[in-house]
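Quick look at what TrEMBL lists:
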- 12-33: transmembrane segment (TRANSMEM)
- 150-170: transmembrane segment (TRANSMEM)
- 171-223: domain 'HAMP' (DOMAIN)
- 231-426: domain 'Histidine kinase' (DOMAIN)
Amino acid sequence: MRTTHAPAITWRIVLLVAASVLATALVSFAITFNGPPPFPMPYRAEEVAAALAGRPVRGPGPKAILRQMPALPQPSAEQARDPITEQTVARVLGVAPSQVVAWSSGWRAPRPGGEGPRLMSDFTIAVRGPAGWTVAVNSPRPWLTNWHRITLASLVGALILLTILGWFIARAITRPLSRLADAADAVSASHRSLPVEIEGPPEVRRVAGALNAMRARLVDHVAQRTAMLAAITHDLGTPLTRLAFRIEALPAADRIRALADIEEMRGMIMSVLEFARGETRAPAPLDLAPLLAALADGMNATVGPVAQSIATPLPMTGDDGALRRLFTNLLENALRYGQSASLTATARDGHVIVTIDDDGPGIPPALAQSLFDPFVRAEPSRSRETGGIGLGLAIARNVVEAHGGSIAAQNRPQGGARLTVSLPLR
């Protein structure tokens with residue numbers, strides 16, 4: 001059993017929170033250092049007038065858009081007449097103020113030194129000429145400025161970094177929990193089940209230690225139960241042997257029936273003991289195909305017809321004797337309730353799939369979930385003539401699960417029952 005140490009889950013969560021706060025602070029600092037959001041630069045009335053006159057406009061400010069129109073355009077609902085801008089443009093162009101029409105939705109008063117007004121918002125300035133009206137309008141403001149790009153890139157970068165960091169921390173937290181869950185699923189009362197590895201954060205190590213302690217208690221409990229049943233079996237065997245000697249004086253017919261009853265009692269006791277032990281020998285490599293074929297041939301010769309369709313090879317690792325008892329039990333069960341049976345074995349998705357069908361009455365729906373529980377029989381009379389004491393399928397399930405497989409029962413559409421065993425391939 002390996003023991004490893006890792007930081008506590010609490011510290012990992014604290015690290016993630018601290019990293020998130022730090023990243024948020026750094027992004028906020030970067031945005032603040034980059035300055036406030038940009039305001040739209042104003043238009044100077046003199047520059048707009050120069051553009052209307054066809055002169056080049058120099059400077060860092062935005063450039064107006066010029067249009068030639070045959071008639072005076074209509075202003076937007078937000079715009080109003082701007083007489084100060086009209087006078088400034090007329091003065092720069094050297095034309096009469098009546099030839100200039102200006103609308104704007106906001107402006108500033110003239111600045112000291114004779115500088116004209118600065119247009120801060122939407123405007124329309126038109127100058128009448130011989131061929132119609134020359135109209136200047138403000139250029140559309142960019143939707144995404146450089147400030148917005150830097151801010152957005154900082155936020156996206158912080159989000160990506162935090163997502164990657166959060167993913168690694170979450171994986172570091174959930175990985176030992178997932179391994180612990182898998183190990184807990186594999187814990188059984190068998191002495192061959194491996195202890196859970198104590199690794200990961202302290203919280204996970206504590207749970208792993210508790211699981212190992214629980215497993216040890218289960219193993220001890222099963223060992224004590226098995227020892228008790230073995231002692232009971234031994235103690236019951238002695239009076240049964242004495243009874244067998246004493247009935248020798250009985251008449252032949254009575255003696256035969258009494259001996260049959262004694263053998264039945266011995267069989268019941270051994271079945272209970274076998275179920276209580278529920279153990280298999282150390283697994284070894286084997287081929288399941290010839291084992292199944294030999295069992296089917298033996299059933300054909302001694303019990304009843306068994307049709308077989310077995311793929312070869314079917315390599316796996318297991319206890320040859322336990323597997324032989326398992327499939328003998330299932331085939332005898334099928335022939336006990338039906339006139340014939342069929343056995344199919346194939347390899348699929350890394351597993352051996354063995355299917356045993358019979359043509360009997362099928363499985364009562366009420367027993368579909370409990371058929372593999374101890375002392376449950378599909379035939380409710382409890383008669384030994386029609387079955388055992390209800391431990392055959394329970395023992396079969398123990399053998400299958402000891403090999404890492406699964407077993408299921410269902411009714412066939414055409415009648416009869418179907419038992420399906422899935423065992424891992426080697």
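From the backbone N, Cα and C atoms, a Cβ is placed for every residue, glycine too.
Mean pLDDT across the domain 'Histidine kinase' (231-426) comes to 82 in this model. Mapped onto DSSP classes, the domain 'HAMP' (171-223) shows 38 helix, 1 strand, 14 coil. Listed by sequence, the residues of this chain that lie at least six past the ends of the transmembrane segment (150-170) yet keep a Cβ under 8 A from its Cβ atoms are 12-13, 15-16, 19-20, 23-24, 26-27, 30-31, 34.
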